[in-house]
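Copied from TrEMBL, the annotated features are:
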type: COMPBIAS; residues: B:29-41; note: compositional bias 'Basic residues'
type: DOMAIN; residues: B:103-129; note: domain 'C3H1-type'
type: DOMAIN; residues: B:165-239; note: domain 'RRM'
type: REGION; residues: B:1-50; note: region 'Disordered'
type: ZN_FING; residues: B:103-129; note: zinc finger
Amino acid sequence: MPPQIKQDLNRSGWESTDFPSVCENCLPTNPYVKMLKEDYGAECKLCTRPFTVFSWSGEGRSHGRKKRTNICLTCARLKNACQCCIMDLQFGLPIVIRDKALELIAPGPQSEINREYFAQNNERAIEEGRAGVEEYEKTDEKARELLRRLAQSKPYFRKGREFDEEGNPVHGSPSSSGSALGGNAAVGAGVGGPGPIRSRDSRAAAAVGARPGGGRKGPLGTNAPPPGPKDWLPPADQTLMSLFVTGIEDDLPEYKIRDHFKAFGKIKSLVVSHMTHCAFVNYEMREAAERAAAECKGRAVIAGCPLRVRWSQPKAIGTMDKEERSRMLRDGRSAFSGAKRATGQQKTIEGGNVQAGQTSTSSQELADLTVAPPPGGDDVQYASLAGN
Amino acid sequence: MSDAENDAQELALATTNNDTEVAPPAEKKVKKIVRRKKRPARPQVDPASVKNELPQQTGTIYNVWYNKWSGGDREDKYSSQTKAPNRCVISTDAGFTRADSHPGTPFCLYFARGICPKGQDCDYRHALPGPYDIPPQNQDCFGRDRFSDYRDDMGGVGSFSRQNRTIYIGRINVSDDIEEIVARHFAEWGSIERIRVLNSRGVAFVTYTHEQNAQFAKEAMAHQSLDHDEILNVRWATEDPNPMARKREARRIEEQAADAIRKALPEAFVAEIEGKDPEARKRRKMESSYGLQGYQAPDEVHFARGPNAVNPKGREGYELEHEQRLMLEAAEDAQAAEEAQYESAAVPEKGGILSSSTLAALQAAQVAVASKPKAAASAGPLVAYDSDSD
């Protein structure tokens, strides 16, 4: 034990302990751990007060490097974290994530002296059994709440009703209204794989809280024709190796688009602007670009997001005004509005047992439609986001 | 593969040479088959050109801990106008090093900067961080300690009190195809989630999918130039004030937390909470009625202890039958704890009669008792308590 210096007012917050509070992962497998203890060896990384530092050599994994405690015992108790790796003791989460997601305790003051004061007060409270414990009694409840909330969550941005892969609107039946009206959560997070395709729809948008008819049928509305051969036939200019993709939603990450388009050949660069809802895929070889255009047939679905693909000369896409941006978003959907009409038409025609050439070709196009491959094993699957 | 075969041959040789020794167990051989990278790491600069000398005196005091001069810095490291001497090229430079036989070793900082002369003799890894190379919370992917605060200039190692996957890039040469240039250069360092370029200002924000990739990219691109002659100013990005970005970030954090919680809990239980198992609700109704008609215990009670507790501690000992727990009630303190539990169930967190500190103390006692092994019960069942909340 070091000499007690509690009498010294300036050093009253200095902590001397006999044993660290460390999680299982930080300790070596051998239960006989040799630790070095140094009183007031360093300042706590959270409250900046001196504390007793323990260090030991983590075996194997750390390759001869020493592990040591980084935060003082008071802070560790207050945050319910490991002194070494600063991870939550219950779920093994980083404490930042736990505190934000479970909304357990406020992060505390930011300035140095306030932090010290905060820690001092809490230390006293813990000694008297007033604080530090009760918040974490609620962890279970909060964890359940979080799971429930995410299970019936709506996407974080406004979006419309989804369409299935044939372009038929998925009707939210009253029984399954919970998920259907809010838009499929899988689609919302962009992790749902192929699955339903979203579309703007005034009814569905109204269901998720949008104003009805909010600028959807304007002069720039969805009067872009459905993709035709001119969209995917290779242009005469042989130096052109870029495809222009529109309709990118805010939650569609860049790497998913890359994964989809790199199947056709090596990508030189992929420029995605989420703000303007469009992207450029620049291939290294002309053949790859031609293959991609031919396979896509003017449209693609990535993580439920309908996209329109066409040839274009590369240009700056980050500089668009508001009108143009919303046009880009609607443009992606226009690729599928045509498909929807075609299938609807085909249904009626099939009823009458007539085969029109035009409809059969468009249904053929739909069959050829390239859809992003289902997410692989490395893709995190949130059970709550898998629908229902 | 050839390595593994060689190992096997060596093993065979060893066993034939000294017959007296017992042959090593077969599992050791299995352990030897390590998936190796095909190539050794390449020294990025000529080892002969590296001079090991003290840093140039830039300050008045030499700090022996940090191996740096301090005080009177004439040149700020982060706004310096000297271009980086070399740049890392993952496709040619990456490969195996000594560190690859020790999983969990950090990545080489000098490799990221493109100036590691050691090649395959380096004690750190020469590769791009993957999605599973998650560094410990208190360190970055290069094994450097992180702190609770960012530096004032947002340079340096970064902070552990915020998960930051976005780096700021300044002083980019403004050109027409600036977006394409930025996208092409920064895609080298890992999978990107989004890029935002302020075209006219020569500034970009690049968000990677994983934090370790952002850390790597920050070191790799510092003081480098893109297609034009420029010296990039790479720092951590501050929090995005855009409300949409905030929502996006909040959602991501929640999903991360939910994922970890799900891993920690039994599967059937998660399905019940999320309402995916229609039968679960019925079962819950039956179980948590505790024999009372029309009563359903609130979540706090139902999930507090027992086989379906959220807290692993609450499940402790519940591999045993429910009835066996009652035997413990012979002990005095156990009864007290039992009462405490009853109290706490009856007065859920309002702290009506008892003060919160008393409750906390009682609950602590209860937990301490509950974690004792149940086999220690000596007397037979005395009290016919049906359940805790009876």
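Each residue, glycine too, has its Cβ placed from N, Cα and C.
Bear in mind that TrEMBL entries carry predicted annotations, made automatically and left uncurated.
Residues 37, 40-47, 49-50, 84-90, 93-97, 135, 139, 141-144, 189-190, 210, 212-213, 215-216, 219-220, 222 of the same chain lie 6+ residues outside the zinc finger (B:103-129) yet bring a C-beta within less than 8 angstroms of a C-beta in it. Broken down with DSSP, the domain 'RRM' (B:165-239) shows 23 helix, 22 strand, 30 coil. Secondary structure of the zinc finger (B:103-129), assigned with DSSP and counted as helix (H, G, I), strand (E, B) and coil, comes to 8 helix, 3 strand, 16 coil.
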